Each structure stands twice: as structure tokens, then as C-alpha cells.
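Colleague: Annotation source Swiss-Prot lists ATP binding site at Gly96, Gly98, Arg99, Lys119, Asp131, Gly132, Arg182, Arg189, Asp268, citing sequence analysis. Annotation source Swiss-Prot lists active site, proton acceptor at Asp258, citing sequence analysis. What Swiss-Prot records for Asn259, Asp268 is Mg(2+) binding site, and it gives sequence analysis as the kind of evidence.
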Amino acid sequence: MTSALEKNRPGAAFAFDNSYAGLPQRFFAPQAPTPVAEPWLIKLNEPLAEELGLDVEVLRRDGAAIFSGNLVPEGALPLAMAYAGHQFGGFSPVLGDGRAILLGEVVGRNGKRYDIQLKGAGQTPFSRRGDGRAALGPVLREYIISEAMFALGIPATRALAAVTTGEPVYREEVLPGAVFTRVAASHIRVGTFQFFAARGDAEGVRALADYVIDRHYPELKEAENPYAALFEAVSERQAALIARWLHIGFIHGVMNTDNMTVSGETIDFGPCAFMDIYNPSTVFSSIDHHGRYAYANQPAIGQWNLARLGETLLPLIDADQDSAVDKANAVIRAYGERFQAHWLKGMRAKIGLEGEEDGDLELVQALLALMQAQGADFTLTFRRLSDLAGDDAAEPGFATSFREPDSSGEWLARWRGRLSRDPQTAAGRAAAMRSVNPVFIPRNHRVEQAIEAAVESADFSLFEALLKVLAKPYEDQPSFAAYMEPPKPNERVLQTFCGT
């Protein structure tokens, strides 16, 4: 029981249990946040705070000071993490946290360890020429997308809080400053391994690998070859994650190796977006000039990133280099099969199939080709198909998803024939489909509207409304029906920006 006196201690909301700070100091740079002028708490994620075992009462009182960096909580060991990375294929040997500061780690009520990190908390030794700050728009975007991904069931970092700083930040224009508090299973990236490998720091790579196994994959400690098993486990999680991205039409936008976690969580939502009209070549990010990270390219980029991780682990996988390369290549080749298995399993679920038949892949591909040819909305097409799967399957919306409504007839006939051989009941199938086909996603135009109102008018009502809708993405919410609709032509977001 926390006494009233203890609650009144500044920053007593956290019970930090820091492990990364115990690694050799070349892994990070100690760095306190830089205080800001007038912090104001926009949003505190109280359910998440409770899951993390934090004192919500203290956070309500001191949250503006803590989450802005003005008050460093007791037990925190603030630091900026070192890492490298391939950015759009080009290697940068030193990147690191240029505007993010890890306050420390807490152990949640589920017994799992989590990082608490402030983004936009000031300059660090890795800032290069940056100011270490964040603008309000990108902070709100990351809050919205993080929590939407959680509600959709996609592994991702979480949003604990957002604050304004009362200070301007200078980009192409002057914008209000803000700080985002991110929660992650960890912030260890492929680029973290690359940082040490690029320096020939074999002991650094080994220490990091041991730490990752201990923190994220403790079951591998007894494996015959723990480091080869680690590479395989990371590959499995990444294949599953990217398959889930494709199932919901998510486009990360900047899949650099410094933006790929070894924990299997989605991280860094700067230019990310959700596809409206289905087109596998869709790109939103303003800096992805050649479509490297387009929707359909994401699985292959995941494999490319894993190859970069494998390169760093070769000396640990086997002392004989040729043998190490063979073992790593086997994992990289298997990634494609892993991804395809996860993707097809999820797509079967999206069209209501419980059993497996050889023709299922072609049936899925035929639907996607029809959607592309007919300019169909990705999210609503699958949701409306769910409405056709039940006993009361008279819902006409599916056909209207297509420019030529009659164009869907042939595919629907094939689909119904396939359903007739599937073991599920109609009611069970419809319920299962609705549990994997969302009705609400963070539509890009809705996200931009919420950001614009907050930045230009200090009006956070659209931000709050969007969070409320997206908290239940698989449920029909008649009072928020407008949020399910695709953008009108004049509302379409054609480009997204990193915002850093």
C-alpha cells in the first residue's frame, strides 16, 4: 500500500527496474531531458498506465511535468540509445536516439518488461544538427496510430501520454511543440546490432544478443545454438507481423533497419498510412520516391532487413564462416514460406474459410485482382463480405464496393461454392469474419482532420472522437458511421510526411 506521503513525492508514479542501463556504456549515452516552458497534458492513457502498474493518481497530478521531461521521476536513468541503420538501402553507421530519451523500464502487471521513452524531449549526443524536439502533429499521429494498431490486434508500441510544451518548433513553418511518451517491449532494433557489427565490436554484438535472448526469447537459452535460434525467432515474428500489416492495409512507409524491432513490434509511425482504394503499389510517404516501401513490397523488405540482422550474427551462429552463412541463409529463405503461411491463413479468415483447400490462394488472389480493377475500398470490401456470410445474407453493400456492381457476381459464385465445403455454420462464419475485418481504421483524412484542428485551433475534440471510435474497430458503431466511409475525392491524402 502506497502511503499518502509517498504519493506526494514528485514523480513517485513509477517503480523503475532498469536493465538496459546496466549494459556497457558504449550502448548508450546518459542524457537527461531538456525542460520546456509550459507543459500541458493533452492525453494520459489511463488503462495502459494501470496495466503497467503506474500510479494513475500521481500521473494525473504530475503528468504534464513528467511526460514533458521537466520532472525526471525517481528511479529513472535517462539515456539515448545508440544504433545504426540502412535508410532506403544506404547504411549510416551512427544514428541513435536524436530526440528520444529512454527514462527507464517498468515491469507490468502481466510480468513483462516495458520501456518508457520520451520522444521530443530535447537534444542528445545523437541529434547531429537536429533540435531534439517534436511538433504536435506527429505526436498526435503516433498516439492515434499506436492505439489503433493495439485495438486492431497488431503488435505495436503503445501511447502512454502526449503533452504540449508551450514552445515552438521550427520546421518548414513554425509549429507547436509536443512530447510523446512511448511504451515498447524494448527499443532494440536491427540497427542496434548493426551499430556494433560495423565497428567490429564482436563482444558488443554478443552482449546485445544475450540481452535480447534474456529479455525477449528466454526459452532459447537452452537451445543447442541460441544465436541461430534467435535469428529464426526474430524471422518468425517479423513474418507474422508484416502479414498482419497486409491484412489491414497498413503501409509503414519507412522500413529502414533502424525502424525494425527485434521484439516483433511495429515501431515509428511517421509517414505510415492505411490504404483506401486497393492497389498493391500504393505509396504514401513523401520521401519514398521510388516505392521501395510500397504496400506489396513490405514482405520482401522485411526479408532484406532480416538479412542485415543475419550478417551481424554470423560470428555467433558458427565459428566457421561458410557454415554460419549457410545456416543464416536457410533462415532467410524460410522467411518467405513463413510469411506466405501467415498471410494466407489470415486471408482465409478474412473471406470466411476455416478449412484449407488447394484453390484457396487463387480464390483470394482473384478477389484482390477484382478489387484493384474495380477501385474497391480495401477495408469496406472485406467488411461487406462479412455481412454476406451470415444467415441473413441479403446485404447489398458488397457489390456496391465496385465501380461495376455486376462485376463481383462470378467471384461471389465461386466463393459460395467454396463455403459450401467449409465446416463452419453461417452464423459462426459471419461472426469470425467480423472479428478480423474491421469496420473502422485510422482513415488518413480523418487523422489529418484531427491533427489540423489541434494544431491550428487547439481543438482536440476530433482527436478524442477518433480515439474513441478506433478503440473498437471491429464493432458497428452507428453513431460514428461517418468514420467508416472512405474519403471523398477532395479529402484524399496522397502523401504523408515523417514530421521530424
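Including glycine, each Cβ sits where the backbone N, Cα and C put it.
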Colleague: Distance between the residue listed as 'active site, proton acceptor' and Asp268 (ATP binding site) at the Cα atoms, whole Å?
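Modeller: So the Cα of Asp268 (ATP binding site) lies 10 Å away from that of the residue listed as 'active site, proton acceptor'.
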Colleague: Tell me, by DSSP, whether Arg182 (ATP binding site) is helix, strand or coil?
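Modeller: In the DSSP reduction, Arg182 (ATP binding site) maps to strand.
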Colleague: I need the CA-to-CA distance for Asp268 (ATP binding site) versus Asn259 (Mg(2+) binding site), whole Å please.
Modeller: 6
Colleague: Under DSSP, is Asp258 (active site, proton acceptor) helix, strand or coil?
Modeller: helix
Colleague: Do me a favour and check the Cα-Cα span between Asn259 (Mg(2+) binding site) and Arg182 (ATP binding site); whole Å is fine.
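Modeller: Here the two Cα atoms are 14 Å apart.
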Colleague: So of Asp131, Asp258, Asp268, which of the recorded positions has the fewest other Cβ atoms within 10 Å around its own Cβ?
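Modeller: Counting other Cβ atoms within 10 Å of each of the recorded positions Asp131, Asp258, Asp268, the minimum falls on Asp131.
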Colleague: Counting other Cβ atoms within 10 Å of each Cβ, which of the binding-site residues Arg99, Arg182 scores lowest?
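Modeller: Per-residue Cβ counts within 10 Å for the binding-site residues Arg99, Arg182 bottom out at Arg99.
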